[in-house]
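**Student:** In case it helps, TrEMBL gives these features for our protein:
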- 1-23: signal peptide (SIGNAL)
- 280-302: transmembrane segment (TRANSMEM)
- 346-370: transmembrane segment (TRANSMEM)
- 376-401: transmembrane segment (TRANSMEM)
- 413-437: transmembrane segment (TRANSMEM)
- 449-472: transmembrane segment (TRANSMEM)
- 500-526: transmembrane segment (TRANSMEM)
- 532-560: transmembrane segment (TRANSMEM)
- 572-591: transmembrane segment (TRANSMEM)
- 603-632: transmembrane segment (TRANSMEM)
């Protein structure tokens, strides 16, 4: 969650803008002007639950249906999110009130749920499902009023208003299950300023709902489809007994209110955070700690290096210099090609592809161009960008492979184009089979899967080959020292030079930089919340790049000082050490924050988490590797080699 007050100042700071633009964002859709009594269409998106992580279509439950069901054409991101936007029978007209209206039929006959339908509705209620509707592309929200002052004086108590996305399908109380069968819609409109002769137009700026459960006996319906709500709190809720047929009315009411909120600012309600200050202080704390530690590390390494280079370049006492130990001694082996150069260059190529995609997506989103009003735009953009960034990934992989004395460039290009995407596609396909089995809307349809495969082999693969060809033809990286023909013997290493110890040590600083942001990202993914902190995320990404680079340089320096020149693979693995902490945090989050107990939701969580950890390891490993490679070339170019 976010608001203009928290993410936008960082955008201004980072972009050096001086104007105060308040509620600026580039909307995904043009504003729609409504006249008095114009129809405002209410559409359903899906049903979601943080307990099962399985979205379902709206009409997977026995809700009232219109005479003709029409599904909206969706973009790639919406399909992958499990959205299935469909029309509903709610009849809402601009600035026109409705006291109580019966859905499903115009007569006063109630709806009868069969035993099977009753069991399904009861199951979804116990699984904490939420219903998501939209009006004029605005998602419905349930208002929650919390008291911020806890002292006894009621007059001094202040209401802290928060919004819950969607509304609860129902609730349970003392082993009984109740359905929210009456919806009180509250729509807010902004009256547009026009010339005197013109008719007033209105724009929808907020969509709220108050769900209620009212039993059949307390709702009085007439032949015209109107109904009368019970007065006060005397009514009982509508119980759903999963063992028998249930009769009930589906009803709704509509209330309109004028609002000062302008159309451009209407998403602020949904993006408002309850803990803005906590986020600010946490991010600032991370920035200070990371830059402080980075400064200390830089000072130490620069001073030590200067001393090393000065000693190595002394020509007075050649014998003493020959007896010296340290990183200069391995100059004849430090650029010796590692094992499996093709796989290493392929993984680093995919890392470059990910890096370019993430950087562009975060930057564009920070500018407001991927706002939540463009439903699914973020995921669609990320997918297409990853495909098109294949040319950069292929180029970097090809040039590195040539530097590592590789010859089979066609095989290397194919490996780069298929290794990481193949793992991602394989895991997603297996998970998708389980989601299909549950008949969830989260399952990617077969045509979409074929389209993704066509994008992979039709766009990404040719671009990777193109980039790889030019990268392989380009002059390889110029290494400042020659490699000896006979490998030098590596002395026995201390315990703290163990690879796993290195991963633990190297991962702490980058993980500490992004720990707070990770919590909000996980909340957005797994608890169905909006994420719009892209200004913060951009800052955190920059800190992550800096901290990964510096910790990687420190680790490779220690390794070379210990006369271990096999740094290529080790540095790539160790630089991605923060991915190990992300995995540990994901397990902690699963145990402490989520209420998932079933097998398939757990499998989905850990399957998608594995993909996140793999991608994060590739990203941080690539950043660290290239920083270390530049550092190693610099220091060996600075010493005189006989």
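Each residue, glycine too, has its Cβ placed from N, Cα and C.
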**Student:** Between the stretches 346-370, 413-437, 572-591, 603-632, which one has more Cβ pairs under 8 Å with the transmembrane segment (376-401) than any other?
**Tutor:** 346-370
**Student:** Let me check one thing: do the transmembrane segment (500-526) and the transmembrane segment (572-591) come into contact, meaning three or more Cβ pairs under 8 Å with sequence separation of at least 6?
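**Tutor:** In contact, yes.
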**Student:** Verify whether three or more Cβ pairs under 8 angstroms connect the transmembrane segment (603-632) with the transmembrane segment (413-437), leaving out any pair fewer than 6 apart in sequence.
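**Tutor:** Result for the transmembrane segment (413-437) with the transmembrane segment (603-632) is yes.
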**Student:** Sequence-remote contacts (6 or more beyond its ends) of the transmembrane segment (603-632), Cβ cut-off under 8 Å?
**Tutor:** 53-54, 334-335, 347-348, 350-352, 354-355, 358, 420, 423-424, 427-428, 430-431, 434-435, 477, 506, 510, 525-526, 544-545, 548-553, 555-557, 560, 567-568, 571-579, 582-583, 586, 590, 594, 596
**Student:** Given a Cβ distance threshold of under 8 angstroms, which distant residues of the chain, six or more beyond its ends, lie next to the transmembrane segment (572-591)?
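**Tutor:** Residues 344, 347-348, 499, 502-511, 514-515, 518-519, 522, 526, 548, 551-552, 555, 602, 605-606, 609, 612-614, 616-625, 627-628.
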